[in-house]
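Notes follow once the structure below has been shown.
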Amino acid sequence: MFPSESLMRAITPAHAVTLCVAIGLTFLAWWLPNRPVTLAQPFDGVIESVSFAPFRGTQSPLTGNYPSDHEIALALDALVGKVRGVRLYTAREGMEIVPGLAQARGLKVFAGAWLGQVLRVNQAEVASLIDLANRFPDTIDRVIVGNEVLLRRDLPVDRLIEHIRTVRAAIKQPVTYADVWEFWLQNPQLAAEVDFITIHILPYWEDFPLPVEVGNAHVENILAQVRAAFPGKPVVIGEIGWPTHGRSREAAVPGRLELATFLTNFLHKATSEGIRYNVIEAFDQRWKSEMEGTVGANWGLFDSNWHHKFNFNKPIVEEPRWPWGAALAALLSIVFVVHQRARAARLGLGRAILTGLLLAVATYGGSRAVYEAYFYAYMWAPQVWAGLKAVVALGLGLALSVTAFRILTGDTRPAAGSGPAIGGDLVLSLGLGLSFALSFLMVVPVSTLASQVLAPATVSMLWPILPVDGRYRDFPTVYLALAAVAPLIISGVAAATGRDRFLDRLAFGHVFGRIDDIPPKGRGWFSLVVGLGFIAMAVALLILETPANIEAWAWGACMVLMSLPFFAAVRFRWRLRRSALAVGIE
């Protein structure tokens, strides 16, 4: 008899029920948010212009690893028929060949010079921009001298004007400067130095972020303000777009459907009203994750592998790769049930269904963390930390499944101090420790101090755990939610089966082992401080993010749940001490 045959004979109805429930629920959890959605008013036209930076893989301007001429040509090929032109941010770093390649493909170029703090580099950029504009007068129809220089505070406005005048005197094309719209209003003297005004309108990045639904109203309001401030000057939108992945900012939620909706609404408006614009951006830029987190890397119409994210005229799927996540969850469920098949055979129908439900929670949490780490951690340092969090999530899922399963099958193990109990305590401690640290970094902005004390290379390596601007830091819910719910689930199962009292099992240090009146780990005052710390950070986070941020509510709820094992540990110690005092009195 083959091993597979004996295995099949060992599969009982209890096994089948458990697997069907677990796999069915995880499939629903992956499928429901990824059902195809058709836009109400699809856009059938061609986009006027897109920001063009053909970096992919580990390529990055930060490291001097630039795309080859062949890769640049392939990137332009991907845009033919979809856009009329491209916007360049630098006139160097390999982008010198773009005007010639664009000309051969019938694309216009909105050329730019990148200005920073180094005079020598600025002079080289300006010289290259002038050269390109004069060599390709029919392809380069407009030029930009500097991008968000005032926003970054790289140059004073007078020095910026000098560079603008140099370019304007040397070429025939219209000249502009590009920055966030507020900086034009703050520096009105710039208007006299340019042929037209180029503003950036990004509702997601506004000081008061706005949801997709009010995008067009916001655009109309900003255009009206700028046009009123500079009558007679043409106004062009140099950057407009929406991120497809990353953290929410108040009511501004990233997503593919959100990008498609935002762009569709805007493109219809721009077409009907004759608004000149450039969409940011053509391709996702992995390297930006080192400065702006996950959300900074996901503004492209194409992903980082240059695959089109969606077609305006076809149903849109939020995560097209979701079947991989569902398959991983199913595989984890099968492996667990097969490994525990002897004990699972003892389950009745009700407990088999409950086991499937608990297994679904564990495997969905683990598969979601692995999916996020694999597809959305781009550069090596974020990949290391994402991998660590994914391992913690898988460990929590395994500890939850094993412990709850043993309780449901009547197994009195694992005893406190045994291997499974120690492993569960360790992975829970890691999860809670990471959660506390990451929450602290989200509400305590000390990034300036870190940058002053640590070397730049160290800052880059430790970016995922260093305190940075909170608007760039992802909420870790997808990785660490199991650390919040696992203790509650196990305690609930133990209480429902008469194994332990709910609060006794919930105490930190008791979750994965027998209690037997063994005091929970740690000193009582430490548990109290940690529990109060989680509560305080949850409140602070909601104040900082505002109640409009659903993601902040979710992580805040996780922090509150994470505080409960520590408060339960304080209660358990207090109860033991009270009992000891009562015995002493007697």
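Going from the start of the chain as shown, residues are counted 1 onward.
Even glycines carry a Cβ here, placed using N, Cα and C.
The transmembrane segment annotation in TrEMBL covers 12-32 (among others).
For 352-371 (among others), the entry in TrEMBL reads transmembrane segment.
According to TrEMBL, the feature transmembrane segment maps to 383-405 (among others). Non-local neighbours of the transmembrane segment (383-405) in the same chain are 332, 336, 340, 343-344, 355, 358-359, 361-363, 365-366, 368-370, 372-373, 376-377, 414, 420, 423-424, 427-428, 430-431, 434, 464-465, 476, 479-480, 482-483, 486, 489-490, 493, 511-512; each lies 6+ residues outside the stretch with a CB under 8 Å from one of its CB atoms.
Under the heading transmembrane segment, TrEMBL lists 426-455 (among others).
Per TrEMBL, transmembrane segment is recorded for 475-496 (among others).
Sequence annotations record features per position, and here TrEMBL assigns transmembrane segment to 524-544 (among others).
Annotated transmembrane segment per TrEMBL: 550-570 (among others), in sequence order. A Cβ distance under 8 Å defines the sequence-distant neighbours of the transmembrane segment (550-570), meaning residues of its chain 6+ beyond its ends; these are 247-248, 253, 432, 435-436, 439, 475-477, 480-481, 483-485, 487-488, 503-504, 506-511, 520-522, 524, 527-528, 530-535, 537-539, 541-542, 544.
Long-range contacts of the transmembrane segment (524-544) within the same chain: residues 435-436, 439-440, 442-443, 470, 508, 552-553, 555-557, 559-560, 562-564, 566-567, 569-570, 573-574, each at least 6 residues beyond the stretch ends and with a Cβ under 8 Å from a Cβ of the stretch.
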